[in-house]
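Following: one structure in structure tokens, then a few remarks.
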Amino acid sequence: MKNRLILNTISNYIGVFWMGGGILILYPIYIKILGSEQWGVVSACISIQAMLMILDAGFAQIMPRDIAFSQIDGQENSVYKSYFLFYLFVSIIGCVSLFFFSGWLSTHWFQAGEYSNELEVIIKITSIQFLFQFLNNVNIGYWNGIQNQKITNISQVFFFTLKHVSALLVLLIYPYGIIYITVFTIYTFIEFSSNFIFIRLRNKVFICVDRVTIFKAWHIVRDNYRFSLGVIIGVCVSQLDRFLFSRQLTLKEYGVYIIVVQLGLSFLQLQYPVMKAITPALSARINDSIFNVVPLKYMLFLAVFTILPILITSFFSYDILLFWTNNQYIADMGHSALSLICLSVILSLPYGFVYADLIRKRKGSVILISNVASIFFMLIYFYCFADKGNIISGGVLWLIYSITSLTIGLIGLKIKK
């Protein structure tokens with residue numbers, strides 16, 4: 001079990017370093033090719049997709065647990081079919097809603113100005129990309145659940161590389177945001193289709209809508225509604241800074257904030273390989289302590305390994321932003337917010353282990369309470385104390401979220417259910 005945990009963690013880290021490192025290299029190139037305004041349009045669509053992850057409602061985290069548990073009696077394929085039905089229903093709702101609200105978003109929400117018509121078209125294309133990207137979460141959740149995360153990482157790394165190489169080549173000829181989104185939409189469809197067919201043929205999973213599958217899908221929602229509600233609010237909190245600033249900043253300023261946030265998210269992703277590996281491992285040993293499944297030395301090593309580069313970035317945020325983007329405007333505007341975001345990420349690292357244990361112990365109410373408290377404190381700060389035109393306020397919002405989540409999560413683990 002521990003060998004598989006370590007192998008999955010290594011595999012996950014290879015995937016994260018390839019994709020996270022790729023983003024850090026590619027985003028400055030995209031800014032240079034597209035320019036600040038076109039990059040702002042792309043940033044708006046990236047934010048919309050991230051905000052739409054609220055529709056996942058935490059099922060991407062629950063599914064690996066349920067798949068791992070169902071392997072005991074050989075029911076993992078049945079669980080996969082039930083989750084697929086749920087994701088299909090939700091993805092269609094999200095796609096159709098975004099398509100029809102694209103005009104309102106481009107003219108009444110984002111400060112797009114002369115780019116509002118172009119943004120509307122790009123948002124409509126983004127709605128199609130969301131449909132297949134959201135559905136692909138079922139395939140990833142299945143592989144993570146059976147603890148075959150090597151396949152997950154191979155698929156994600158391959159299509160990540162294919163998307164960005166293709167986008168760069170086309171953008172060199174046609175440097176427009178709509179080209180970027182269109183290329184990604186095409187390859188997202190290919191990615192979902194390939195993964196779906198692979199699982200269907202290799203594991204002999206045949207998707208059919210029958211009473212049993214519908215009944216099981218309903219039970220998944222019913223049994224996890226408290227956890228899902230907590231995660232929905234959690235996604236709202238995690239996207240709250242981008243949501244609030246999308247209304248306050250111009251597309252050019254918003255593009256700067258997205259760059260800063262992306263660097264913070266790249267550091268945050270350093271803990272995801274561990275969480276992906278330990279969640280199904282914990283679920284398979286429901287009665288064991290987390291320290292029996294995940295050795296303390298393993299936790300400490302990963303903590304030190306991830307904290308050091310984040311601390312360096314926090315202390316030298318201006319120089320790193322300037323070196324990374326080669327853009328004085330981005331460095332001047334974003335370095336203070338980046339320092340605070342890095343401190344927030346450091347606090348989120350121990351919370352990752354707490355969160356995994358809360359999922360294992362089905363303490364969805366604790367996650368719900370922590371997220372409600374976080375959104376309450378963040379909104380009070382933003383509307384009562386924050387400088388809404390300065391993106392450093394976004395860094396403060398990140399800190400409030402991390403401190404609140406860690407504090408309430410630790411208290412929740414101590415309380416017997």
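Each Cβ is built from the backbone N, Cα and C atoms, and glycine gets one as well.
Feature list (source: TrEMBL):
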type	residues	note
TRANSMEM	12-33	transmembrane segment
TRANSMEM	39-63	transmembrane segment
TRANSMEM	84-105	transmembrane segment
TRANSMEM	167-190	transmembrane segment
TRANSMEM	296-316	transmembrane segment
TRANSMEM	336-354	transmembrane segment
TRANSMEM	366-385	transmembrane segment
TRANSMEM	391-413	transmembrane segment
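Distant neighbours of the transmembrane segment (366-385): 226-227, 229-231, 233-234, 236-237, 240, 244, 355, 358, 393, 396-397, 400-401, 404-405, 407-409, 411-413, 415; these residues of the same chain sit at least 6 beyond its ends, with a Cβ under 8 Å from one of its Cβ atoms.
With pairs at least 6 apart in sequence, the transmembrane segment (391-413) and the transmembrane segment (336-354) have 3 or more Cβ pairs within the 8 Å limit; the two touch.
Remote same-chain partners of the transmembrane segment (12-33), defined as residues 6 or more beyond its termini with a Cβ less than 8 Å from a stretch Cβ, comprise 39, 42, 149, 152-153, 156-157, 160-161, 164, 168, 171-172, 175, 180, 255, 259, 262-263, 266, 269-270, 272-274, 276-277, 324-327, 330.
A Cβ distance under 8 Å defines the sequence-distant neighbours of the transmembrane segment (391-413), meaning residues of its chain 6+ beyond its ends; these are 237-238, 240-241, 244-245, 249, 253, 256-257, 260-261, 264, 333-334, 336-341, 343-345, 347-348, 350-351, 354-355, 357-358, 361, 363, 366-367, 369-371, 373-374, 377-378, 381-382.
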